[in-house]
Each structure stands twice: as C-alpha cells, then as structure tokens.
Amino acid sequence: MNLISIPALADNYIWLLHNDDRRCLVVDPGDATPVLQALADHRLTPVAVLLTHHHQDHVGGVSELLQHFPVPVYGPEETRSKGATQIVNEGDSLTLLDHTFSIMALPGHTLGHIGFYSAPWLFCGDTVFSAGSGRLFEGTPRQMYESFQKVNQLSSATLICAAHEYTLSNLNFAAALLPQDSVITDYQRKIKELRLKNQPSMPTKLHLERQINLFLRCHDVNLQNKLNVHPAPSEEWRVFAALREKKDHF
C-alpha cells in the first residue's frame, strides 16, 4: 500500500491510500479539484471515501467527487448530512483494499470525531497534529486528553496522518514553552528547512510525537512546572487543558 498526501485549501492534507491495483481510499476530501487531479496523475480509482468529522474543509469535496466516482462514504453520525452513506462508530471495523480499519472515537475537536486505524496508518483528522492538538470547537479538554491517551496506546510505529500542515507553528509554541528541550528545538530547525522547500511534514510517527508533542507529555514535570499545574496522576487532563488554553493565545 502507498500513501499520498494532497495539499488542499489553505493548509489541509487530503490522503490517498492505494494498492498495486491502482485502487484507493480518499480521506477527508475538503476540495474535489486537487483530488481529481491526483487521481488522474496517479491513474487511481477510488473505492471508498472516509470522513473523520463534519467540518467543511474535510467534507466540501464529497459531492463533486461522488459525481465522478459513486462510491460508499464512511463517516460518523455527524457527517450524515455531509454525504456519508455508511455511518460507523467506535468498535466498528471496515475491510477495504484487503486491510481492516478499526474505528476509534476521538471526541474533542468535534463531539463525533473519529479516526480510522489500520496498522501502521491512523487517519485522525483534526485530533493529533505533529507537535500539537486540534482546537476544541465542541468537546472538552478532558475529552481531547482521553482521545490522545487512546492514540498513545497504539504502536510506536503508527503513522499519524493528520489533516493540516501546522507542524512548524506547533513547534514554535513548544520551543517557546520549553526552550531547553533539544529534541524539540532540533526538530524545529529540521521542519523549518523542510517547509522552505515546500515539503510536507506529514505523516509523522507516534514514537516521535511522544517526544515533541507536549500534548502527549502531560506527565512531564518540567511541563507541569512551566504551566504551574501539578495535578494528581488521575487528573493529568488539567495539564492538557492549561496547555491548550496557552496555545490558543500563542
């Protein structure tokens, strides 16, 4: 299987996952035009569309795409009015292109947000970004923290296929908060160079995110000290909440 990232809109990524028979899955098509172009360029034929949540920059291209390729559209209940024809929930599984995808409930960015996981790929929409977290438009910090914990239980080799190119701005925030963290600052320099060449920073591996993503480090004493939040281990979501609020105003 081969993974293709399609830059779209301002800073979105639409994902194509295809096999050797040139059949593919399309994930979160916020705009049909670049998808249709990529399908033509790579001589691919979609067999399904996967939607992680209902926001327009993830579903805006569904209708036009279906005019060209009338395929099933899998998504959470909140995407039913956005073109989803097959509603999927936590615990469901899909077999597509001979791979089984597990559905993960990942509330936070939206209440019905889901992820599609088939090792090594996790299509997680606007939940986990490289070095960052999605904004909380509908859910609570605790919900998003728990979604991050769920993702963190996956294999360290998991490829995080997030839907936006926010990596450098996330690293700028992390480096401002923990300037002595050389893993973060070294990666910040690497991504600056990458983005100057207009190359994508996605997908990212979970083992790297465990080092550079502060939202996966709520147990970190240095981070807790910086935020002046010292919760009991059972309430580490409070660190996540303080971190998310600080990022919102960065």
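Including glycine, each Cβ sits where the backbone N, Cα and C put it.
Listed in Swiss-Prot:
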{"type": "BINDING", "residues": "HIS53, HIS55, HIS109, ASP126", "note": "Zn(2+) 1 binding site"}
{"type": "BINDING", "residues": "ASP57, HIS58, ASP126, HIS164", "note": "Zn(2+) 2 binding site"}
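Here the features listed in Swiss-Prot are painted onto the structure.
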{"residue": "HIS53", "record": "Zn(2+) 1 binding site", "contacts (Cβ under 8 Å, 6+ apart)": "GLY75, PRO76, GLU78, THR79, HIS109, THR110, GLY112, HIS113, ILE114, GLY125, ASP126"}
{"residue": "HIS55", "record": "Zn(2+) 1 binding site", "contacts (Cβ under 8 Å, 6+ apart)": "THR110, ASP126"}
{"residue": "ASP57", "record": "Zn(2+) 2 binding site", "contacts (Cβ under 8 Å, 6+ apart)": "LEU9, ASN12, GLY30, ALA163"}
{"residue": "HIS58", "record": "Zn(2+) 2 binding site", "contacts (Cβ under 8 Å, 6+ apart)": "ASN12, ASP28, PRO29, GLY30, LEU51, THR52, GLY125, ASP126, ALA163"}
{"residue": "HIS164", "record": "Zn(2+) 2 binding site", "contacts (Cβ under 8 Å, 6+ apart)": "ASP11, ASN12, TYR13, ASP126, PHE129"}
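Residue density at HIS109 (Zn(2+) 1 binding site): 25 other Cβ atoms are found within 10 A of its Cβ, drawing on all protein chains shown.
Taking the mean position of the Cβ atoms of ASP57, HIS58, ASP126, HIS164 as the Zn(2+) 2 site, the remaining residues of that chain whose Cβ falls within 8 Å of it are ASN12, ASP28, GLY30, HIS53, HIS55, GLY125, ALA163. All protein chains included, ASP126 (Zn(2+) 1 binding site) registers 25 other Cβ atoms within 10 Å of its own Cβ. Take the mean position of the Cβ atoms of HIS53, HIS55, HIS109, ASP126, the recorded Zn(2+) 1 site; other residues of that chain with a Cβ within 8 Å of it are THR52, HIS54, HIS58, THR110, HIS113, GLY125, THR127, GLY134, PHE137, ALA163.
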